[in-house]
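S.K.: What follows is a single structure, and I will ask about it in a moment.
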Amino acid sequence: MKRGFSDSPSSSAPPPSSRFKSNPEGDSQFLEDETTKNFARKVADHYSRRTNQTLEEREASPIIHLKKLNNWIKSVLIQLYARPDDAVLDLACGKGGDLIKWDKARIGYYVGIDIAEGSIEDCRTRYNGDADHHQRRKKFSFPSRLLCGDCFEVELDKILEEDAPFDICSCQFAMHYSWTTEARARRALANVSALLRPGGVFIGTMPDANVIIKKLREAEGLEIGNSVYWIRFGEEYSQKKFKSSSPFGIEYVFHLEDAVDCPEWIVPFNVFKSLAEEYDLELVFVKNSHEFVHEYMKKPEFVELMRRLGALGDGSNDQSTLSADEWEAAYLYLSFVLRKRGESDGARRSGRRKNGKMNLSKDDVLYIDS
């Protein structure tokens, strides 16, 4: 076993304790350099450039069943942990693809933030029902606020003081963008902790570092992949060794057909868990996507949800299903749930709803300077 990472695939067992040395100055300052800001902007520009697809275009995607599987995983997480009237904070909310999932959970209030201006505008029009999205749904039942800014850099507790505390925070397929530096990782977790109520939950999905590193070490070169994805590491990782004392800023280039083509960063889960504990966020579970599917497909209600979403076909007319390459790509990801220490007093802050609106104009979007 090489230093810093386990060679075994992810499991639901708690990861080992972190062996990296924490920032001795704690989280008193989160300083960003220009290189980090440029990386964040590059990622934002990538997602802003992605246009909304029609239903026909979406169904023709070479990874349509992988997308549906990921939607199923997010839907299951939301159904497991969201309660009626919950206040939700959606970090890196993108184009609002999860709005309908939250609506079905009958939440009471929604705040979404994303760094990409184009994505936030698409989210606004989707929420308003102005765009002809494939959901064909015109009205959501909860008031909302939208913010445009880098949630891994700005202090959100000051900006959202009147909206907090939140019952649930979600960050789907984006947490790894905070792992460029320890400062950004700390800011991300500090924001989550500061805005969650005691007993509140943080749900998310992100790349599984154990799987990626295992595949890299099994490969002949510095690239892994198949017909739907590839991952390429730089020559600085030619020895395929990663120091446990330097778990931030481990960059690779990730390409996923019809979805992603930009730099990403390894998140060693043992470090993520240890850092989260510093911010009073305790691990409830972590599961690789394969394990997640096998476990929750044992429950009839989630089997029916899978059928409706069509990731494995609909069981009748649509006999298509995930390809072997899509299933392998799914193995690259994990789901996690953290809970903030403490017990909630059970009180609901109905006043926070006044900060949201049922229809959002462009002027209603709050732009946050980094």
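Just so it is clear, glycine is given a Cβ too, placed from its N, Cα and C backbone atoms.
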S.K.: Out of Asp103, Asp114, Asp130, which is the one Swiss-Prot records at the S-adenosyl-L-methionine site of Lys74, Ala92, Asp150, Cys151, Gln172, Phe173, Ala174?
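M.R.: For the S-adenosyl-L-methionine site that includes Lys74, Ala92, Asp150, Cys151, Gln172, Phe173, Ala174, Swiss-Prot also lists Asp114.
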S.K.: Taking the Cβ of Arg126 (site 'mRNA cap binding') as the centre, how many other Cβ atoms fall within a 10 Å radius?
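M.R.: Arg126 (site 'mRNA cap binding') is surrounded by 20 other Cβ atoms within 10 Å.
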S.K.: What count of other C-beta atoms do you get within 10 angstroms of the C-beta of His176 (site 'mRNA cap binding'), across all chains shown?
M.R.: 19
S.K.: What is the interatomic distance between the Cα atoms of Cys151 (S-adenosyl-L-methionine binding site) and His176 (site 'mRNA cap binding'), given in whole Å?
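M.R.: On Cα coordinates alone, these residues lie 12 Å apart.
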S.K.: Out of Ala92, Lys95, Arg126, Gln172, point to the one nearest Asn71 (mRNA binding site) in space (Cα versus Cα); all of them are recorded positions in the record.
M.R.: Gln172
S.K.: Taking the Cβ of each of the recorded positions and counting other Cβ atoms inside 10 Å, which one has the highest number: Phe173, Tyr333?
M.R.: Tyr333
